[in-house]
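**Q** Here it is, the structure, as structure tokens.
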């Protein structure tokens with residue numbers, strides 16, 4: 001699907017973008033991979049590692065629609081990974097978060113339309129479901145924008161989808177590198193916000209592969225959610241440092257005890273497939289009549305029961321300490 005195609009990744013110098021680039025280069029023969037991001041140093045460092053002839057690097061901000069549109073010329077597929085995602089920082093700088101996560105999302109949509117992009121997938125987060133913090137609220141708004149974009153496409157062929165998942169093991173700013181840094185510095189204890197806290201976990205590699213597969217299965221308008229394991233934060237801390245004690249510091253601004261990826265309010269829109277769930281659009285598209293119970297590959301899903309929810313504390317899949325360490329070690333080697 002990606003052979004001889006032009007692919008653009010916003011926020012491409014981040015953990016996801018670099019892994020996505022690695023997977024594309026190892027498994028496909030793209031015509032161009034365009035990395036679109038703000039930080040010239042990160043682009044310089046990434047270019048020293050990913051220097052294949054097909055690589056292109058564009059300095060730009062998703063807030064700048066003109067620059068974004070210029071970078072998207074002749075692009076076939078877009079992955080929108082750029083975001084302001086640090087929860088407490090977003091709480092203290094709300095308008096900056098809104099400019100990047102909401103205005104930036106609309107700029108991506110407009111640039112896709114202007115350049116005839118075939119498909120665009122936006123990365124979302126479990127924090128967008130029943131949000132209690134500004135980051136989650138902006139990502140919910142972003143999700144809504146990308147879903148609704150399919151309805152305003154008119155005679156344009158661009159299709160938009162959303163991929164929503166939980167904490168990415170090893171990604172920049174996540175708890176795993178934070179804990180490992182404390183351990184390497186000789187910490188005597190690890191800070192835990194609440195002993196009851198649970199989270200969804202996915203490796204960078206699995207996250208990338210899930211997004212890749214969604215390009216093939218999407219009609220346009222779906223929110224795709226992978227079936228991934230949960231784990232208690234205390235189990236993670238014990239797995240990384242079994243001999244260290246834990247210090248309870250309390251929940252930070254905007255945090256939840258448990259994350260939700262599908263709320264019961266969306267159960268009537270949700271279909272279960274073998275390895276994932278798909279939330280169909282809540283609005284009826286004017287000129288499209290897709291059957292979202294069957295994906296674009298012809299695979300059939302089943303409607304979930306009314307009142308179904310998918311939360312990190314009611315998840316049937318739980319990662320053991322051994323399994324999580326395997327994910328962490330594999331991610332570092334990847």
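Heads up, the Cβ atoms here are built off N, Cα and C, so glycines get one too.
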**Q** In Swiss-Prot, 85, 167, 193, 252, 255 are given as binding substrate, so which of 75, 175 is in that site too?
**A** 175
**Q** Which chain-mates of residue 171 (NADP(+) binding site) that are at least 6 residues away have a CB under 8 A from its CB, listed by sequence?
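**A** In sequence order, 14, 15, 16, 204 meet the Cβ cut-off.
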**Q** Within a 10 Å radius of its Cβ, which of these recorded positions (42, 85, 127, 252) has the fewest neighbouring Cβ atoms?
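**A** 252, out of the recorded positions 42, 85, 127, 252, has the fewest neighbouring Cβ atoms within 10 Å.
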**Q** Counting only other Cβ atoms and using a 10 Å cut-off, which of the binding-site residues 124, 193 scores lowest?
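**A** Comparing Cβ neighbour counts within 10 Å for the binding-site residues 124, 193 gives 193.
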**Q** Over the residue list 85, 167, 175, 193, 252, 255, recorded for substrate, what is the maximum interresidue Cα distance in Å?
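**A** Overall maximum Cα spacing for these binding residues reaches 19 Å.
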**Q** Would you kindly give the Cα-Cα distance separating residue 252 (substrate binding site) and residue 42 (NADP(+) binding site), rounded to the nearest Å?
**A** 29
**Q** Rounded to a whole number, how many Å is the Cα of residue 168 (NADP(+) binding site) away from the Cα of residue 175 (substrate binding site)?
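**A** Here the two Cα atoms are 9 Å apart.
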**Q** May I ask for the distance between residue 124 (NADP(+) binding site) and residue 193 (substrate binding site), taken between their Cα atoms and rounded to an integer number of Å?
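**A** Distance (Cα to Cα, whole Å): 24 Å.
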